[in-house]
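For reference, the structure is listed below as structure tokens.
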Amino acid sequence: MSQYDVEPLLSKAAILNKYADLPQNGKVMAEYIWIDGFNHLRSKTMTLDAKPSSIDQLRVWNFDGSSTGQAPGNNSDTLLKPVAMYNDPFRRGDNILVLAACYTADGSPNGFNHRDACAKLLEKHADKETWFGIEQEYTMLDYYDRPFGWPKGGFPGPQGPFYCGVGTGRVFARDIVEAHYKACLYAGINISGINAEVMPSQWEYQVGPCAGIEMGDQLWMSRFLLHRIAEDFGVKISFHPKPILGDWNGAGCHTNVSTKDTRAEGGIKAIESYLEKFAKRHKEHIAVYGDDNDLRLTGRHETGSIDKFTYGVADRGASVRIPRSVAMNGCGYFEDRRPASSIDPYLVTGIITETMFEH
């Protein structure tokens with residue numbers, strides 16, 4: 001039997017609802033979520049006697065790191081340290097979602113834990129009052145890894161009608177997008193908007209503004225919610241920066257940045273000084289801005305070239321865009337358009353902070 005003989009097994013929501021409202025006899029379900037060795041997410045659940053009032057009341061747990069690409073089989077126990085807590089939109093009630101960071105037995109960060117170093121760097125420069133906002137683009141795929149809603153054996157019409165589209169044939173799977181929006185709000189994610197993207201079956205949502213380490217924490221949790229909701233519809237979520245080769249837009253994680261200085265009167269000068277530093281460290285940034293980003297940063301489809309740093313006002317073909325409103329007001333924020341949709345936000349917010357304040 002090939003994979004093409006298998007149909008996706010959809011969630012049976014109506015049946016599940018018979019059990020979802022059963023009383024839990026005072027117990028609380030806490031789902032621990034972590035980043036694995038493949039830039040994806042894993043989770044497992046434990047039962048608590050009561051809802052914790054702070055993250056410090058949650059215990060350190062562990063998992064088999066050899067099964068997630070994070071540890072060898074002869075020393076596989078990897079520690080899960082809770083770092084952020086959210087309302088659970090799936091189980092509701094007092095149940096919670098717990099974002100956890102991975103550590104080795106000696107207490108040092110696991111090799112795939114980029115949060116630890118990022119948190120220290122952001123805390124070091126907390127006086128700069130840096131705010132981040134990330135635009136997460138993603139592509140919906142069907143069970144056979146074909147963009148969801150695309151014609152079988154063919155392609156949709158050229159790009160044009162799909163960006164912020166309305167109507168059948170112009171947008172696909174809006175119900176997943178709406179469900180994710182509501183779930184993020186319920187969970188406590190600072191989701192600030194959604195829109196259909198240029199390529200059909202591609203969407204975007206925005207998280208932020210967030211200060212400090214919350215940017216990375218909230219983006220990862222929002223991705224978890226998206227994957228879980230898509231499960232119910234038998235749809236896969238791809239964060240690949242160029243899921244379909246050819247004359248189609250790629251997917252990015254445009255990262256918006258402002259500091260106390262850029263938001264102040266005359267802050268455009270601070271923005272320009274930061275971008276001069278960015279130009280000198282372009283290669284270092286590209287190195288952590290996502291795998292396969294060379295397929296996306298071609299200078300076409302609203303991207304700059306991966307080989308050259310540029311910036312400009314209202315220029316979506318530049319590495320960094322200064323919004324028209326910022327140029328007119330003389331202060332505000334800038335948008336780094338280089339990060340791919342698959343980024344680890346801890347690496348991206350970390351290197352941006354490092355470049356602005358330590359170079």
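Including glycine, each Cβ sits where the backbone N, Cα and C put it.
Bear in mind that the values here come from a model prediction, so they are computed numbers and not experimental data.
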Phosphoserine per Swiss-Prot (candidates: Ser222, Ser273, Ser325): Ser273
Annotated phosphoserine residue, as Swiss-Prot has it, among Ser258, Ser305: Ser305
Of the residues Thr298, Thr303, the one that Swiss-Prot lists under phosphothreonine: Thr303
Distance, Ser273 (phosphoserine) to Thr303 (phosphothreonine) (CA atoms, angstrom): 22
Ser305 (phosphoserine) and Ser273 (phosphoserine), distance between Cα atoms, whole Å: 21
Cβ neighbour count within 10 Å of Thr303 (phosphothreonine): 21
Residue counts (helix, strand, coil, in that order) that DSSP gives for the domain 'GS beta-grasp' (28-107): 9 helix, 39 strand, 32 coil
